[in-house]
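Each remark here refers to the structure printed beneath this line.
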Amino acid sequence: MKMSRLCLSIALLVLLGTLAASTPGCDTSNQAKAQRPDFCLEPPYTGPCKAKMIRYFYNAKAGFCETFVYGGCKAKSNNFRSAEDCMRTCGGAIGPRENL
């Protein structure tokens with residue numbers, strides 16, 4: 001009786017662990033962070049030129065892509081022409097447009 005109860009408990013734990021690991025929507029943020037390029041952690045860089053171009057950067061602290069004003073030259077890698085490029089490269093979503 002005790003042995004069958006122990007076996008049943010172990011089987012249930014294994015089943016629950018398997019279900020939890022294979023559940024869609026399970027937190028994969030650590031995997032995304034591991035695959036994110038290092039330049040996604042850099043702050044936005046306007047550059048020395050005076051143009052006023054709207055670009056996107058990945059805000060690592062907030063966890064999403066935001067806009068910033070780019071001067072037009074000497075861009076760094078965390079500088080994207082579209083929100084889609086930013087999200088594809090660094091992950092996250094499109095954030096508020098407060099920086100315009």
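Cβ coordinates come from backbone N, Cα and C, glycine included.
Just so it is clear, the model here is predicted, and its values are computed rather than measured.
Annotation in Swiss-Prot places C49 in a disulphide bond whose other cysteine, of C73, C86, C90, is C73. Disulfide annotation in Swiss-Prot: C86 is bonded to C65, selected among C40, C65. Under a cutoff of 8 A between CB atoms, and with a sequence separation of 6+ in the same chain, the neighbours of C86 (disulfide bond) are Y56, F57, Y58, C65, F80, G92. Counting neighbouring Cβ atoms within 10 Å of each of the disulfide-bonded residues (C49, C65, C90), the lowest count belongs to C49. Under the three-state DSSP scheme, C86 (disulfide bond) falls in the helix class. Cβ neighbours within 10 Å of C73 (disulfide bond), excluding its own Cβ and spanning all shown chains: 11.
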